[in-house]
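Undergrad: One structure, pasted below without further comment.
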């Protein structure tokens, strides 16, 4: 499937996103000797882990870490002793609570990492460093952290609408209404801008490595922000084409070349974006064992449908109830298909994806003046004239 024509049509909308002075992590950190070697960080004893993690963050950040250091007592007060009534979510990393802090006075989300979970000291360090040094409207803001004793706690800005997963894949459990088409395109465009910033503005580039619906948080106006940077990795530098690392991330979202070889590039994130975008279009989970065998893997199910434009409407989320522009659906599926190309080199850059999605995001459904059925009839009339 070709998407080049879509990008050409919208070339007049493309912005010069690559700043002449890329935001440099290297200005704050010796990238060669520090941030690229997070995998080699080790703490010789349990006491050194507990005692010196804040000093390690300060040393690596070279005084550029602005995040507030909270005491465990302060966060107990903020969350009312981590009261279950204040719990916002739970995952393999631990639990997230709503809290109220006094300095600065604001409502926050407090993520208490599970001491036996997958996110250990290394991932904790990476997340604090990344969110302290990288700033963008589509990245969640880190307010502070706590490393008292064996506690590992991250304090974020509070996002009123939770995660994209809550509104897309967990509707019944969370008693949410399905997102309309325009909101889905708005969220997709914003999340794409976050990845574009990491790939094309941060210096050196950052590979997110864990792009999924549960890591996309939404504010009260459904503006998206990427969260959970524990698995983020600094991208290749100095002429290198990829970073070799052990495979991490969530099953179903990993690019095939990364899953098979451990070779990681920014195009690995592009694939993951394609998976999530396809989830947003279809309302289906990437892996759903409740469906028939041939439909359990979202990408496998979608692949043959991508080749037949007449079947595109079969891929739209039934909860949209046909309320979407048919041309917008075709273009959105074209973007998803390009992001999901098997060969990494054939996937678009995130700046191209942003260009396409910003066009879709400003093309409001109600402005089209046609129902889906009306557009289909128009297309049928055009075909009959040929």
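Yeah, the Cβs are placed from backbone N, Cα and C, and that goes for glycine too.
Sharing the feature lines straight out of Swiss-Prot:
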| type | residues | note |
| --- | --- | --- |
| ACT_SITE | 210 | active site, proton acceptor |
| BINDING | 88, 89, 90, 91, 92, 93, 94, 95, 96, 111 | ATP binding site |
| COMPBIAS | 368-386 | compositional bias 'Acidic residues' |
| DOMAIN | 82-360 | domain 'Protein kinase' |
| LIPID | 5 | S-palmitoyl cysteine |
| REGION | 365-386 | region 'Disordered' |
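What does the local environment look like for each feature on the list?
TA: In the three-state DSSP assignment, the secondary structure recorded for residue 90 (ATP binding site) is strand.
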Undergrad: Find, among the recorded positions listed as 90, 210, the one whose Cβ has the highest number of other Cβ atoms within 10 Å in the structure shown.
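TA: The most densely surrounded of these recorded positions is 210.
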Undergrad: Pick the one among the binding-site residues 88, 96 whose Cβ has the fewest other Cβ atoms within 10 Å in this structure.
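TA: With the binding-site residues 88, 96, fewest surrounding Cβ atoms within 10 Å: 88.
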Undergrad: What mean pLDDT score does the domain 'Protein kinase' (82-360) have in the model?
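TA: Averaging the confidence scores along the domain 'Protein kinase' (82-360) gives 90.
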Undergrad: Could you state the CA-to-CA distance between residue 88 (ATP binding site) and residue 210 (active site, proton acceptor) to the nearest Å?
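TA: Cα to Cα, residue 88 (ATP binding site) and residue 210 (active site, proton acceptor) are separated by 20 Å.
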